[in-house]
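**Q** Take a look at this one; I'll ask things after.
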């Protein structure tokens, strides 16, 4: 008897339109995700990886509901795919997060409904028996945000709001190399499996990236904002720990494990995301320019690719920073 609303998902880093404060009673929110197996380019050198994706993107799209709502997901595995797939929602209770009820072989679809009974940002990922790590690091992960019905709050209970929201999915890739030292290119998922798992077992990623590829969120693809705008960043890592840092900025309010029932930490320089979780960080930009948002494991950021940029427009505030003397002879 609850009202129903269908939501069209969008590809990261964007998030589908939503209200920050719930309007009315709980409802059933309907989503549809189609699984796509495809080859993706991992870096500027043209390195390829056989990927498995929700809706064709890495990470998959971010879903947003309010606490008390019901999520009704139709999961589609087209006949053009080769593998069985499912979905485990870390926000869900029972049946392996839904994985036990959503296993679909190519040509099948399943519908899962569960109650969003706690607020926060949560990871979801594919979890087929015997192949979980391979599917997860091959791209099948994303984030779900369950907002409190009255919106975000600080530790004192004052309302917090955001002007923009972006979602960043951090991935560790394990691309095998051929005997000549160059990265291998595989024609299909099955042909990549054994070599990829062998690299995975070294626990040494070939790439550590935001949103599927080196440079996916830099340059022309940078996040955008304006001075005075408050931006919420949802950052998920389905497999390994991460240490996000905004160079030239901060985390004004940070839910490091993403759970909005817990008070946010204030004025963070770097925050910690345990593998298998999603954090939420809110920052109001105070200066224009190009910011770097990266993992402060700097080797992963600068050598393996775990970095993004934010391009911020507006007027410079000399009170916050000024050049007293330009570089010159000593």
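Quick reminder: no glycine exception, Cβ is built from N, Cα and C everywhere.
Grabbed the feature section from Swiss-Prot, which reads as follows:
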BINDING   85, 126, 135, 140  Cu cation 1 binding site
BINDING   90, 125, 296  Cu cation 2 binding site
DOMAIN    1-165  domain 'Plastocyanin-like 1'
DOMAIN    166-330  domain 'Plastocyanin-like 2'
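Describe each of these features in terms of where it is and what it packs against.
**A** Summarising the environment of residue 126 (Cu cation 1 binding site), the number of other Cβ atoms within 10 Å of its Cβ, over all protein chains shown, is 30.
In the shown protein chains, 26 other C-beta atoms lie within 10 A of the C-beta of residue 125 (Cu cation 2 binding site).
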**Q** Please report how many Å separate the Cα atom of residue 85 (Cu cation 1 binding site) from that of residue 125 (Cu cation 2 binding site), as a whole number.
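**A** Just about 10 Å between their Cα atoms.
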**Q** What are the non-local neighbours of residue 296 (Cu cation 2 binding site), defined as same-chain residues 6+ apart in sequence with CB under 8 A from its CB?
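**A** Listed in sequence order, they are 243, 244, 245, 270.
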**Q** May I ask which residues of the same chain, at least 6 positions away in sequence, place their Cβ under 8 angstroms from the Cβ of residue 135 (Cu cation 1 binding site)?
**A** 52, 83, 85, 125, 126, 127, 128
**Q** Looking only at 85, 90, which of these binding-site residues has the biggest number of Cβ atoms within 10 Å around its Cβ?
**A** 85
**Q** Sort residue 296 (Cu cation 2 binding site) into helix, strand or coil using the DSSP assignment.
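**A** The residue in question, residue 296 (Cu cation 2 binding site), is coil (DSSP, three-state).
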